[in-house]
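Working notes, beginning with the structure itself.
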Amino acid sequence: MEGKDEDVRVGANRFTERQPIGTSAQTDDAIKDYKEAPPAPIFEALELRLWSFWRAGIAEFMASFLFLYVTMMTVMGVSQSRNKCSTVGTQGIAWAFGGMIFALVYCTAGISGGHINPAVSFAMFLARKLSLIRALYYILMQCLGAICGAAMVKCFQKSQYEMLGGGANVVANGYTRVDSLGAEILGTFILVYTVFSATDAKRHARDSHVPILAPLPIGFAVFLVHLATLPITGTGINPARSLGAAIIYNRDHAWDDQWIFCVGPLVGAALAALYHQIVLRAIPFKSRI
């Protein structure tokens with residue numbers, strides 16, 4: 001009977017070599033050693049004295065600039081082609097957005113966190129992973145980078161840019177503003193939820209391969225969301241991307257529904273932050289356990 005009781009206590013964890021990678025059987029020590037990081041202060045004036053703070057913003061600017069340049073050039077190439085078979089098509093546009101996010105997150109994650117999106121920075125602030133001053137600084141630099149990236153596209157293809165809508169996000173014919181707002185909220189929720197899951201510090205402690213692979217699911221989430229929402233709104237899910245294109249294109253119809261591409265992503269980001277931090281990680285309740 002004693003042997004049977006031992007089997008019950010040990011259970012599936014008895015043969016740890018048969019456990020899949022990342023299960024608790026293999027990583028009990030790593031999880032025990034893991035400690036939840038303290039929340040970032042709302043306002044941290046000392047950050048302004050650090051070069052790492054300023055270079056992080058520069059990295060966000062450059063990433064947003066390159067992101068807008070490559071993706072808008074892809075959109076222009078598809079839009080101006082009379083024969084869609086001669087271009088990368090809708091799938092190519094989605095790959096351009098997702099692929100650039102994958103590459104840029106990989107390049108900048110160690111410097112700024114690789115947000116490249118005000119919605120992500122806003123969600124990180126709500127989760128107390130960023131101070132308010134850093135979040136606002138990131139958002140400012142992301143928007144400036146997006147504006148410069150869209151301006152670069154216009155410099156290279158001025159006539160086509162004006163004629164083809166400049167890659168600005170608008171509500172497509174056949175869809176209402178409610179439809180578009182819902183698409184932006186859900187699309188951003190998917191993206192930000194993936195960001196939180198892929199960069200979760202507890203998962204990093206448990207699965208050593210997670211930090212290396214983090215940019216891949218984030219880029220893939222962007223790709224999938226674009227496939228789903230390109231026909232509805234042209235896919236915003238990034239207020240800097242939408243604002244940059246609207247400012248440089250600067251036509252009335254590009255501004256008519258611009259609020260959708262600001263409010264939608266911010267709401268989706270907030271919901272994803274709350275879901276991950278409160279429901280999945282139960283962080284507000286851990287001090288009570």
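Using the three backbone atoms N, Cα and C, a Cβ is placed for every residue, glycine included.
Below 8 angstroms of C-beta separation, residues 47, 93, 96-97, 100-101, 104, 107-108, 111-116, 134, 137-138, 140-146, 148-150, 152-153, 166-167, 240-241, 244-245 of the same chain, each at least six residues beyond the ends of the transmembrane segment (53-72), sit close to that stretch. Taken from TrEMBL, the feature transmembrane segment covers 53-72 (among others).
Non-local neighbours of the transmembrane segment (93-115) in the same chain are 55-57, 59-60, 62-63, 66-67, 70-71, 74-75, 78, 121, 124, 138, 142, 199, 214-216, 218-224, 226-227, 230, 235; each lies 6+ residues outside the stretch with a CB under 8 Å from one of its CB atoms. Among the features that TrEMBL reports, transmembrane segment is placed at 93-115 (among others).
Taken from TrEMBL, the feature transmembrane segment covers 135-153 (among others).
The transmembrane segment annotation in TrEMBL covers 212-232 (among others). Away from its own ends, the transmembrane segment (212-232) comes close to residues 90-91, 93-95, 97-103, 105-106, 109, 114, 171-172, 175, 179-180, 183-184, 187, 190-191, 194-195, 197-199 of its chain (Cβ-Cβ under 8 Å, at least six residues beyond either end).
The annotation transmembrane segment is assigned in TrEMBL to 258-280 (among others). Within the chain, the transmembrane segment (258-280) has long-range Cβ neighbours (under 8 A, six or more residues past its boundaries) at 117-120, 122-124, 126-127, 169, 171, 177, 180-193, 195-197, 233, 236-239, 242-243, 246.
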